[in-house]
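Notes follow the structure.
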Amino acid sequence: MLFNSIAFLIFLPIVFLFYWGVFYKSLKLQNLFLLLASYLFYGWWDYRFLALIAASTLIDYGIGRLLSKERDRVTRKILLGLSLISNLGLLGFFKYYNFFIESWIDSWASLGVNMNLSSLNIILPVGISFYTFQTLSYTIDVYRKQIEPTVNIINFSVFVAFFPQLVAGPIERAKHLLPQFSKKRIFKEEWAISGIHLILWGLFKKIVIADSCAIYVNAIFDDYENMNSATLLLGAIYFAFQIYGDFSGYSDIAIGTGRLFGFDLMRNFNYPYFSRNIGEFWRRWHISLSTWFRDYLYIPLGGSRGSKAKKVRNVFIIFLVSGFWHGANWTFLIWGGLHALFFLPLLLRKQNRKYLNQVAENQLLPSFQEMFQMLFTFSLICFAWIFFRADSIIVAVNFITKIFTNFTFELQYLSIERYNIEMLFIIGIFVLIEWFHRNLDHPFSGSLKWLKIIVIILMLLTLGVYSDNQEFIYFQF
Amino acid sequence: MIFGVTLFLMILLDKSYSYAFRSGQPRSKIQNMLQLENKHYDVAFFGSSRTENHINCELITEYTGKSCINFGISGGTAGDMLILMKLAENRNVTFNQVFMQVDYNYNHFGMSSYFKANLIPFIGEPIVKEQMKKYENEFFYSSIPFYKFMIFDKVVGIREATASTLRLNQNTNINVGFFPKQGIGKAVDGIFPKSIKSRSTEIDLMQEHYLNTNTNIEFFTAPYCKDVKNREFIEKLQLKLPRLRNYIAIFDDKEEFFFNCGHLNEAGANVFTKRLIEDLFK
């Protein structure tokens, strides 16, 4: 079920009314009802894959219980290994099997050896990368004795399948979300209103920004050979806003929906395009994933401690794995590799944690230096996004080559019957709204709150893309 | 409160958009038809892109002195054309001679989404509602304010509503309706279905519609490139419509006339129109 669908528009109020109206007296019933609603939400897409979620849930619940009783180090390691193998095995099979088979065949073919292995027609279960990472974090934390394993299987099941963040995050940590299922939840009006505001803002980002950008991005990337430098540059910028609007919009709707049910989900985006360097960008972009990799991969590898060679190795590992997490394609690996290259100089010069505050804090506008830093960082990010969006490395390289060789910067009329620069106007408005509310979750505050709400609803109704209902990009990851 | 504001804005926008499309500049052939009234044309062409891109009405008027209008719509189905004919009757727009282009669209049934989208602003009109009802449940379009404009935003969204309100003209003359393709196609290819439907309800209804009227209806097939696969489909079509004027093969040796396998370019369209003038009006 998509957040931007009629089905969800009907599903959400019904679940909300039953949750607070019928089951409010019993925490157990509320949790059970949330579990059923979450399975319905997921099963709406393809009920067959509910078995995978259930399997992942049962395995990690069982391993968590065993870990709580087991004192022997070796056995505990074996149990952790079992969880890793089963979760990553599922992920590996459904997401990466064909990639490895095809890469294997291609590499032998380049040596003149033709192999007869066939790839499988595998459907990628929506959200598998998210819920497997979420359950893994539970087992690892139990193994590290950072949390107590839960005995309540319903609570654990709903923690894994909680519908607001099931298919595209934020990837919650057990120590943050799981205890919330054990606490009595009381309906708080202001909490619910802030949830609705977040949902509204998320829908704006998705339907107005991301889906409108998608129309331009598809037209430009699909016909890049006939585009001039200006259009190609705009294509990369539009994609930057498409993926940001899409994913942060989804996260906002997820967090807002969580609030409607009395839950506090972690923040996933913090105005990443206002970053002054790549280090700051990665503290603001897909926070739940980057902190997951930091805690469960980077730090265990040694993090930024040790020799220079070790630091370089760790940075490349984490960024390449992060790239590969996004999809089974070399383009994602290059994207991750580029970010490693951008990040490395900062780490080696110990500049990666330089900017921990909000840019131009307590000021209306950024300084010239801050503006330059933000633009430079955004340019690097857009450059890497080209690889992320392109169908293949060859397409990405040709796209970039054309930007730097065509050198024509004229207005271009696209196949979608719009000029290449038209979307810049809406993006400009969006950037200004974000800039002036960068210390908040959403812009609906202050004395002009209602005016802002009306303008956003008007934009949502008139500028939103509804005829070409787009799935969220991160569903595929 | 937010829901109340949203509903109020939806009602307001619904009224504004409906007004804009009803009283603004028509920007499609369907909207044009809905604003026409008490008009008479000697000749009218109906069909898909093979009518819209191929029939130059100005040329017909120049050579024959007959008034002519091209109602062909790219992607248009036989169902779309039947509704246009009904709308014409409703607006008292009459013709002496109607030419309907038929090919694989004989196999299709129903309205195209582009056509449906263009009818959406006029759904309040009884004739439009009546025609739409035949093909789908229009309950949501009629009962949820502004929903219809959101669902079809590509065709009747803010851009078109604004252009219509500001009375901006299309780049081409909508009253003539000829939008030729430019250039010569590189990879010409195409395919017809292997089998043909036993009957096309909509084609039958068209014939019925003009039966016992002063309007004569004829069917024709536009040229295709010689590489089109399953060309024998047209022979099967000829069995269904024995008086079909079949022009499918007239440009078999003229690749320079094709934009792609199913569409002529402007030069090809003009030669084809002249051929029709010879065959149909002289």
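In case you wondered, yes, glycine gets a Cβ from its N, Cα and C as well.
According to TrEMBL, the protein carries these features:
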{"type": "TRANSMEM", "residues": "A:6-22", "note": "transmembrane segment"}
{"type": "TRANSMEM", "residues": "A:51-67", "note": "transmembrane segment"}
{"type": "TRANSMEM", "residues": "A:79-97", "note": "transmembrane segment"}
{"type": "TRANSMEM", "residues": "A:117-140", "note": "transmembrane segment"}
{"type": "TRANSMEM", "residues": "A:152-171", "note": "transmembrane segment"}
{"type": "TRANSMEM", "residues": "A:191-217", "note": "transmembrane segment"}
{"type": "TRANSMEM", "residues": "A:375-399", "note": "transmembrane segment"}
{"type": "TRANSMEM", "residues": "A:419-436", "note": "transmembrane segment"}
{"type": "TRANSMEM", "residues": "A:448-467", "note": "transmembrane segment"}
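Only residues 6 or more beyond the boundaries of the transmembrane segment (A:419-436), in the same chain, are considered here, and those with a CB under 8 A from a CB of the stretch are 205, 208-209, 212-213, 216, 220, 227, 230-231, 234, 237-238, 241, 245, 271, 273-274, 411-413, 443, 463. Long-range contacts of the transmembrane segment (A:152-171) within the same chain, counting only residues at least 6 positions beyond its ends with a Cβ under 8 Å from a Cβ of the stretch, are 28, 31-32, 34-35, 37-39, 41-42, 45, 53-54, 56-57, 60-61, 64, 126-127, 130-131, 133-135, 137-138, 177-178, 181-182, 247, 250-251, 253-255, 257-258, 261, 263, 265-268, 286-289, 292, 472, 474-475, 477. Within the chain carrying the transmembrane segment (A:191-217), a Cβ under 8 angstroms from the stretch's Cβ atoms is held by residues 3-4, 234-235, 238-239, 241-246, 248-260, 262, 389, 414, 416, 418, 420, 422-423, 426-427, 430, 441-444, 453, 456-457, 459-460, 463-466, 468, 470, 472-473, all 6 or more beyond its ends.
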